[in-house]
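Asks: Would you mind keeping the following structure in view while I ask a few things?
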Amino acid sequence: MPKIAVLGAGINGIASALAIQERLPNCEVTIIAEKFSPNTTSDVAAGLIEPFLCDDDVDRIINWTSATISRIHEYQADGNPGAEEQSGYWLQSVKSEPKWLKLMKNVHILTDAEMKQVARRPEHKFGIFYTTWYLEPTPYIKWCTDKFLKNGGKFKKQKIENIDDVARSYDVTVNCTGLGSRALIGDKEVYPTRGQILKVSCPRVKHFFIDDKYYALLNDSTITLGGTFEAHQWDLTINSELSQKILKENIHNIPSLRTAQILSSHVDMRPSRGTVRLQAELGRSLVHNYGHGGSGITLHWGCALECAEIVENVLKMKKSKL
């Protein structure tokens, strides 16, 4: 029975492991990580489904996102929490209608009259209303984890310092360590983009609101207010002044947030990279799936399915050489 190690237990690690099990049920899959949910970078995310801070081929982005949307429908069909449609406004200083909008529902370019009603700043010159989804990572990761364990998967808590030491014990190793890949495999193309957010409660807010700098995104019982996009910043200290600014600026966009109850503040680092690295490494039984920027939730299932296919091909190549 082939043995597969998946390094990293965020949403891309657990999804890749589960996709491998489903595609290759004769394999033994082990997830190895130092941190597990709810203490991963994924758990901090609001789970808005749309590509964000991810510069990659648009067709790949659309295919991966489409697969994730189908996955959300499957998750919803089981009556699980933390996944629902959300509608709202994207206001822009420069007009943009990306191709991925075709995956969204109820897309409507705002008229001048509509813009006058929703614009809050001089830079709010163009706007789009649409319906997308949110997928709250923590309950979803638990759902995936339950499936993974039911399929015979294993977990191993370990700080990974040398990938070759791990790889010796497995037929294929899958690297889903995100920003950790910078130190683990020496990929200097992956870097942190610091993000600080607030979680608040405000039932009066019914629509998401995104502009060039700030956002308010809906979840089941909370709203995520952001945010910051600080490239190459490693500081995980919560800046209280910045939290106040995030709240103030979102209130400017959505006056109803004046009544919001602040629940918590969070900061983490998005694993940014010029493109997602989803490939087998030549000459090694090593597959990479990392560098999703701010789109880890959005792209996760499409990338996981492709990752599983790559793992299958690596195993076939190894078998053919025997």
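Every residue number used here counts from 1 along the chain in the order it is shown.
In case you wondered, yes, glycine gets a Cβ from its N, Cα and C as well.
Note that the structure is a prediction, hence the values are computed from the model and not measured.
Pulled these features from Swiss-Prot for this protein:
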BINDING   9-11, 34-35, 40-42, 46-48, 159-160, Thr177, Arg270, 293-294, 296-298  FAD binding site
BINDING   Tyr215, Arg270, Gly294  D-proline binding site
BINDING   Tyr215, Arg270, Gly294  D-serine binding site
CARBOHYD  Asn39  N-linked glycosylation site
CARBOHYD  Asn63  N-linked glycosylation site
CARBOHYD  Asn175  N-linked glycosylation site
CARBOHYD  Asn219  N-linked glycosylation site
SIGNAL    1-17  signal peptide
Asks: Around Asn39 (N-linked glycosylation site), how many other C-beta atoms are within 10 angstroms of its C-beta?
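Replies: Taking all protein chains shown, Asn39 (N-linked glycosylation site) has 13 Cβ neighbours within 10 Å.
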Asks: Any idea what the Cα distance is from Gly293 (FAD binding site) over to Arg270 (D-proline binding site), rounded to a whole Å?
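Replies: If we compare the Cα positions of Gly293 (FAD binding site) and Arg270 (D-proline binding site), the gap is 5 Å.
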Asks: Checking the recorded positions Tyr215, Asn219, Arg270, which are within 10 Å of Gly47 (FAD binding site) at the Cα level?
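Replies: If one measures from the Cα of Gly47 (FAD binding site), the recorded positions that come within 10 Å are Asn219.
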Asks: Around the C-beta of Arg270 (D-proline binding site), how many further C-beta atoms are within 10 angstroms, looking at every protein chain?
Replies: 27
Asks: Near the Cβ of Ile297 (FAD binding site), how many other Cβ atoms are there if near means within 10 Å?
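Replies: Other Cβ atoms within 10 Å of Ile297 (FAD binding site): 28.
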Asks: Quick check on the recorded positions Thr41, Asn219: which one has the highest count of other Cβ atoms within 10 Å of its Cβ?
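Replies: When each Cβ's neighbours within 10 Å are tallied, Thr41 tops the list.
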Asks: Find, for the listed glycosylation sites Asn63, Asn175, the residue with the lowest Cβ contact count at a 10 Å cut-off, counting only other Cβ atoms.
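Replies: Fewest other Cβ atoms within 10 Å, among the glycosylation sites Asn63, Asn175, is found for Asn63.
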Asks: Sorry to bug you, but what's the C-alpha spacing from Asn39 (N-linked glycosylation site) to Asn219 (N-linked glycosylation site), rounded to the closest Å?
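Replies: Here the two Cα atoms lie 19 Å apart.
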Asks: Please work out the number of neighbouring Cβ atoms within 10 Å of the Cβ of Gly293 (FAD binding site), leaving out its own Cβ.
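Replies: Within a 10 Å radius of the Cβ of Gly293 (FAD binding site) lie 24 other Cβ atoms.
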Asks: If you count the other Cβ atoms within 10 Å of each Cβ, which of the binding-site residues Ala9, Ile160 comes out on top?
Replies: Ala9
Asks: Here's one to test understanding: among the recorded positions Asn39, Asn63, Asn175, Gly294, whose C-alpha is closest in space to the C-alpha of Ile160 (FAD binding site)?
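Replies: Of the recorded positions Asn39, Asn63, Asn175, Gly294, Asn175 has its Cα closest to that of Ile160 (FAD binding site).
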Asks: Counting Cβ atoms within 10 Å of each candidate's own Cβ, which of the binding-site residues Gly47, Gly294 comes out highest?
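Replies: Result for the most crowded candidate: Gly47.
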Asks: Rank aside, I only need the closest one: which of the binding-site residues Ala9, Glu34, Thr41, Ile297 has its C-alpha nearest to that of Asn63 (N-linked glycosylation site)?
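Replies: That would be Ile297, nearest by Cα distance.
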Asks: Are there any residues at least 6 positions away along the chain from Glu34 (FAD binding site) with a Cβ closer than 8 Å to its Cβ? List them or say none.
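Replies: Counting only residues 6 or more apart in sequence, the Cβ neighbours of Glu34 (FAD binding site) under 8 Å are Lys157, Gln158, Lys159, Ile160.
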